[in-house]
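K.L.:
Feature list, courtesy of Swiss-Prot:
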BINDING   Thr163, Gly184, Asp206, Asn248  S-adenosyl-L-methionine binding site
Amino acid sequence: MNDWTALTVTTTTEAIEAVSNILMEAGAVGIQIKDAADFQKETVDAHGTWFDPKTVPHLASGAQVIGYFDPATSLVEQRDHIATRVRGLAQFGLDPGAATVTLADVRQADWANVWKQYYHPLRVSRFLTIVPKWEHYTPQQAGELQLTLDPGMAFGTGTHPTTQLMLSLLESVIRGGETMIDVGTGSGILAIAAERLGVGDILATDVDEIAVRNAEANIKLNPVSHITVTANDLLKGITLSADLIVANILAEVLVPLIPQVRPRLKAHGHFLLAGIIADKATLIIRTLEDNGFSIAQRREAGGWVALDAVIKETA
């Protein structure tokens, strides 16, 4: 008997995280991402060599998101529904690409090794390098910080522009000792990075119980001890006040989150937002301004926007 059923969605780079979320909601116990954009150059900008893409099999264009399901899951019936949801991403400003959905059986041994073909140490910012848990890595410069992740567990593994934009913003605002709330933590990468950069106590939340367990597992792989992970719907019911609030989620979810942030953000704090496709940036900025925020920083990469918002100063 085969151990897993793999459901593959052919899509675009910009839709990867949204498609990953669709598959997790459908019951996927693991997500694999193949993105041609990760293999377009031999080096990662100014941060040094990553690896030579010619030595690794990869897609020539586009992206694939592969969800791994228990074989008892009735995917034949779900396949059309998943395809419809993926095509529906167009109404949110995301290009779903071909949006084709295929099924295949995969044995446990194959699944356990497949991540190692596509995931290698990746320098993602000035100080941060993401390393898969099976690889030994030696820092290349003083002050470099390693984030150890299991990429077979959830999306948010650092290869997507939204994650890298958020990590660079974190580096720019953290001074040390802050309190932070990470809304929609996913793999826990932002919370882990924040503590490694000097943040004190961190509350990481996600509406998905599977994501909560995945974040907890990734946290155990790193030298961090001040992160609490809990299942929660955005900031509903949370009374903690924080110096930093971060959210790397789709614009459609950021809109209802923004009014919840203002009462929870301390004076002179920072609200960092990512997951914003470029043509949704105006909507998000307007919503922020309507709720008493101003934009301190704006960063862009690969058609995505990240923002650093602060509470407007009163005269």
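In case you wondered, yes, glycine gets a Cβ from its N, Cα and C as well.
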K.L.:
Within 10 Å of the Cβ of Asn248 (S-adenosyl-L-methionine binding site), how many other Cβ atoms are there?
P.N.:
27
K.L.:
Can you tell me how spread out the S-adenosyl-L-methionine site is, meaning the largest CA to CA distance among Thr163, Gly184, Asp206, Asn248, in Å?
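P.N.:
Answer in Å: the longest Cα-Cα distance is 16.
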K.L.:
Taking the Cβ of Thr163 (S-adenosyl-L-methionine binding site) as the centre, how many other Cβ atoms fall within a 10 Å radius?
P.N.:
26
K.L.:
DSSP on Asn248 (S-adenosyl-L-methionine binding site), three-state: which is it?
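P.N.:
In three-state terms, Asn248 (S-adenosyl-L-methionine binding site) counts as strand.
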